[in-house]
């Protein structure tokens, strides 16, 4: 379907005198190597700024592509001094994609289309799961068994991730209406997700390291309790600090806060390396535990726990690798 560009001018006579226009380009890989005249003449679409308000339909594309807009007028490519004609011009420009009905009123870009519905379905899944598992989980936490602390940490991390999804949905819902959204909600969503990730890393590293170091002296009455030690705590804190620093670095590298990142920056790639490295560390620790464990029940538990750890650490790197099979506008989704 066709897109739409809508503009509103502040000083029409000045823009008409300057012969002002908007130039639209696609595929600007070699744009910096072109001369000024080549840039102006090479525009795929030119829109004259001659009316106070105007709506310009964008030709239909076979696939989603980004348009780059440049302002130009009769003085753009002149090299002599232009002090007398450098009066500021003001205009408002709105670019809209077509919505599901074909009307160009959708604020979502091709990279973000569908995320609003995705977050809604995710909230629905969290709600259904909470209705099913809330009572058994509360009973397990209330009993204060050997995995009491682990269950509390897992519950807190899950609550934070659910809260992150809810905040993202609120941001997307507002963005669908006004094209701006609620940036503070996006920032809070990322913060909740970061805290949940660091909680999980600390718990998994401390838990596995504690099991390894206390294997010989573990109480048989509580075989699966969270045994912390200075070594396990130091390793867990090291993992948390490293991941936290990379997550914060990534926020500064990618200022578009949306709670997901394309992992194309240096901190994003380092986060992928960290996840794989932590997976290898946990695999080594769990292999030592399983190899020395004689109880079939405990061995099955450790195997199930290992599968959960690997799924949690490796799902994101695997999805990032799979995203390279898709087109540019589908990668982040």
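Glycine residues also receive a Cβ, built from the backbone N, Cα and C atoms like all the rest.
TrEMBL does not curate its annotations; it predicts them automatically.
Taken straight from TrEMBL:
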| type | residues | note |
| --- | --- | --- |
| DOMAIN | 1-79 | domain 'GPR180-like N-terminal' |
| DOMAIN | 123-333 | domain 'GPR180/TMEM145 transmembrane' |
| TRANSMEM | 118-138 | transmembrane segment |
| TRANSMEM | 150-170 | transmembrane segment |
| TRANSMEM | 269-290 | transmembrane segment |
| TRANSMEM | 310-327 | transmembrane segment |
Which residues of the same chain, at least 6 past either end of the transmembrane segment (118-138), have a Cβ under 8 Å from a Cβ in it?
151, 155, 162, 165-166, 168-169, 172, 333
What else in the chain is close to the transmembrane segment (150-170), if you only count residues 6 or more beyond its ends and a Cβ gap under 8 Å?
116, 119-120, 122-123, 126, 130, 137, 140-141, 182, 185-186, 188-190, 192-193, 195-196, 199-200, 203, 207, 226, 258-259
